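**Q** Below are the features listed in TrEMBL for this protein:
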type	residues	note
COMPBIAS	7-23	compositional bias 'Basic and acidic residues'
COMPBIAS	583-606	compositional bias 'Basic and acidic residues'
REGION	1-23	region 'Disordered'
REGION	583-614	region 'Disordered'
TRANSMEM	195-214	transmembrane segment
TRANSMEM	220-239	transmembrane segment
TRANSMEM	342-360	transmembrane segment
TRANSMEM	380-400	transmembrane segment
TRANSMEM	505-526	transmembrane segment
TRANSMEM	548-570	transmembrane segment
Amino acid sequence: MAEEDDSSRWHEHGEGDAGEKKKQGGFKTMPFILANDFCDRFATIGFNANLITYLTQQLHLPLVEASNTLTNFHGLSNLTPLVGGLVADSFAGRFWTITFGSVIYQLGMVSLTVSALLPSLRPPPCAAGEQAACSRATAWSLLVLHLSLLCTSIGTGGTRPCVMAFGADQFELDTTPRHGEAGAGAKRGWSFFNLYFFGVELAKLAAITLVVYIQENVGWGWGLGVPTVAMLAAVAAFVSGYPMYVKVAPGGSPFTRLAQVAVAAFRKRNVAVPCDPGHLYQDRKLDAGISTAGRLLHTNQLTFFDRAAIVTPGDFDSSGVPRPWRLSTVHRVEDFKSIIRMLPIWAATILLVTSASHNHSFAIQQARTMDRRVAAGLEIPPATMLIFSNAAMLGTLALYDRVLVPRLRRLTGRAEGVTHLQRTGAGLAISTVSNAVSAVVERARKRAAARHGLLDRPGATVPMSVLWMAPQYAIHGAADAFMDVGRMEFLYDQAPESMRSSAAALYWLTTSAGSYMGTLLVTTVHERTKGEGEWLQDNLNRGRLDRYYWLVVTLQVINLVYFVICAKLYTYKKLEVVDQESTGERREKHVELQPLKDSDEKDVELRPLLSSDL
């Protein structure tokens, strides 16, 4: 049965026989995929990094309204991937979902670029020295803005959940575990994620230097036009590699299968769960399409849902086929359990996004008030301060992979050095330090403004170098190097095999929830502190932004304690692997995906299993 499934799968990829398997996928597809993602991220970051300036300086929106507009936009942009991942996994496939999403995103970028070029869609410039006389953008201008942002949000729903999964699909042929090849497979599988995030940060670095400089010094028409052209190049690069891609056929709606487990368990809520899990329903043929890396084994957690796999009268139709809304296999029940177990960990990562959201709003406005000269005639654009975050993340990724991992490997005995949860927890802790530094720097900036009599002159330059803000950005970048890769690895490792795109959508859903939480936090603080002691106001010199940062630090400390508790209680999924020895004999290996001791011989088998899951 397994051999038949494998052959049919290669047929879906367009391969005629085993000798031709390596004609698709592999490293030769990476230039097309990574070029697409590089241009996509270059366009996205160049498009978004300085939008706070566009909204406040060009459309003349108040700071809090502009900040909330951006966080709501980012929230929607990271919510739509949940729909995109479901579409890709259910019926469209990853290639066509990425292509369609890229086109929609392109339309949104073109629309906003045109609105920046047409004077009729922007309010007139403010009179010199009369900020109060600035006329706000018209309702028509704001409608065009929101429609443009809506298109880009829909477009990201097609690209973000699928690009990483699609890239990992290309290595599936080369990372299938074979006897005696444990090390190579694992190294290649995990290197893809490091390579992906490294390329993303390079694109961000290029965007926040080149594009932001054009926006600040040349004009917004060119500043938005350059990312738009880059996005067009991304679509062209991706589509041109079509003949070489591995295109895994979608396996049907994963959320439907999850719903079937929940409904079946509820229907049998009064049925006693057997003490022996061997009495629960198993069906290799039924699960073949969603368990190519191996079936999930029964776990003793969340046993209420085991009822979905108890055979009762009426569970089969007249032809002997199980009714899916009445009976599920153990594998499908464990798929459901794995998602539930992941949710507390997933929720703990939301606050990291909230804690970093001000880097694209308040922190940029802080930088605008400071001395941004780094040389004679050269000023750093406020949004370009993000360069310190990107550079720190690039450096930390390289340091982690080349220096830390070899040393940690000798200490822990794990091929990747530490577990995904340990890496994620380190990112949460480092991010907390970053916001503490932000609070200290903002306090120093306000004192400098007070010493020089600038408290009521928000447009004046505070005689304090903007480079004082570099450490907080750099520490955020180091936190992201731990956090972003760690949580993505965790989602891919622990998510059901048939939900890879949807697992990536959970990654972006974290960003969405964090953005909306940022909006809620800003709005609540703004409303609760109105009056003489208002924390968040257009005049940062009279505001209490440092107190806002300390509030975020307090929430992060509480969240870190919650994460540690969840990580301690988390149970890794169990997988049954079918391995084919050189003799041709097939045997089952029961591998539990959890941190193993140095002496545990199963650790040798874990590494190819994890990379094949990718």
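Cβ coordinates are placed from backbone N, Cα and C, and glycine is handled just like the others.
Help me picture these features in the structure, burial and contacts included.
**A** Within the chain, the transmembrane segment (195-214) has long-range Cβ neighbours (under 8 A, six or more residues past its boundaries) at 30, 34, 37-47, 49-50, 164, 167, 222-223, 226-227, 381, 383-384, 386-387, 390-391, 393-394, 397-398, 481, 484-485.
Counting residues 6+ beyond its ends, the transmembrane segment (220-239) has Cβ neighbours under 8 Å at 32-33, 35-40, 42-44, 46-47, 50, 54, 58, 98-99, 102-103, 105-106, 109-110, 112-113, 116-117, 207, 210-212, 214 in the same chain.
Within the same chain, residues 48-49, 51-52, 70-71, 74, 386, 389, 421, 424, 427-428, 431-432, 434-435, 438, 473, 476, 479-480, 483, 487, 490-491, 494-495, 506, 509-511, 513-515, 517-518, 521, 548-549, 552, 555-556, 559, 562-563, 566-567, 570 sit at least 6 positions outside the transmembrane segment (342-360) and bring their C-beta atoms closer than 8 Å to a C-beta of that stretch.
Within the chain carrying the transmembrane segment (505-526), a Cβ under 8 angstroms from the stretch's Cβ atoms is held by residues 64, 67-68, 71-72, 74-79, 81-86, 156, 160-161, 342, 346, 349-354, 356-358, 487-488, 491, 495, 534-536, 548, 551-552, all 6 or more beyond its ends.
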